[in-house]
Amino acid sequence: MAPPGRRERPFSSGRFPGLLLATLVLQLSSFSDACEAPPTFEAMELIGKPKPYYKVGERVDYKCKKGYFYVPPLATHSICDRNHTWLPVSDEGCYREMCPHIRDPLNGEAILANGSYEFGSELHFICNEGYYLIGKDILYCELKDTVAVWSGKPPLCEKILCTPPPKIKNGKHTFSEVEVFEYLDAVTYSCDPAPGPDPFSLIGESMIYCGNNSTWSHAAPECKVVKCRFPVVENGKQISGFGKKFYYKATVMFECDKGYYLNGSDKIVCESNSTWDPPVPKCLKGPRPTYKPPVSNYPGYPKPDEGILDSLDDWVIALIVIVIVVAVAVICVALYRFLQGRKKKGKADGGPEYATYQTKSTPPAEQRG
């Protein structure tokens, strides 16, 4: 029994840290002898909730995710091995759900965007030339619950047809009795005889054809009288396109007499509004004026100040050459004078030595005496 006046405690403060340490050691030993969470896959998912660790020999099972189906015999489970790793397993046994095959439409073609009917794929439709698409040109393989289905019905390819082309005033077109025209069917327009002295001119395309979107290739032409005034150029003459009357697209050329120049175009055309385009030119007296824009406006031409700069460059080069020549001449003259001075100094120094030698010697006459 405890001494009187002292209460017993189930755990003393000194024993609690030791018990906590023992628990941690036990937990660490358990973790070190276990596998971590099992691997994850794109096409498979774990059956049940994952745990932070698994004991050696413990098994986990997988199933194919939504949109995938299982094809045996590949395993869909794994076991925690003694080396604390999971036995190899893969999701290669799970295949994407596939949409049903769709045939090419009549007079068209169905093209798989990625070459597969798996969900997530696209199926594109095109029609042959002369046919147009009715419906959606792209279908998507989607999941409906667990089944892969297409996003809509396949389209159809129908033949391109055109309604009869427009009728025109003072004219007609071929095949006027036909009520429906197929793709690339063509008609040709022509004008009726005119009641007056001047004929009708066909303004626009004479032949049109049934094209895409069930429309004609061009607007219907127009039949009307187009007549331009007789072109007169004073001090000039007509050199081509002669005639008494000038109708649609008539072309005339001019030249001026000697001593005159042409102001305008030498070639004019009679257009649909019965006027000449360009306007009839004029012949003006005198030589043709020359209009030379500033040379700075044309790339490749020197700027106005470039000539001055070039002449300045020539003067600078000439000045440099002159300075060099003068400097060389001065150096040569100075060197020449220096060498001449040395030569004269040498002669002056040699004279006294020769005289001294002569004075030291006894002249022959004195020796004989």
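Cβ atoms are placed via backbone N, Cα and C, with glycine included.
Swiss-Prot marks one residue of Asn114, Asn212 with the annotation N-linked glycosylation site, and that residue is Asn114. Between Cys162 and the candidates Cys127, Cys141, Cys191, Cys210, Swiss-Prot records a disulfide bond only with Cys210. If you go by Swiss-Prot, Cys283 shares a disulfide bond with Cys256, out of Cys256, Cys270. Looking up Cys141 in Swiss-Prot gives a disulphide bond whose other cysteine, out of Cys94, Cys99, Cys191, is Cys99. Between Cys223 and the candidates Cys191, Cys228, Swiss-Prot annotates a single disulfide bond, the one to Cys191. Across the domain 'Sushi 1' (35-96), DSSP helix (H, G, I), strand (E, B) and coil residues number 0 helix, 23 strand, 39 coil. Across the topological domain 'Cytoplasmic' (336-369), mean pLDDT in this model comes to 50.
Taking the Cβ of Thr290 (O-linked glycosylation site) as centre and 10 Å as the limit, one finds 5 other Cβ atoms among all the protein chains shown. Within the same chain, the residues at least 6 positions away from Cys228 (disulfide bond) whose Cβ sits under 8 Å from its Cβ are Phe246, Tyr247, Ala250, Cys270, Glu271, Ser274, Thr275, Trp276, listed in sequence order.
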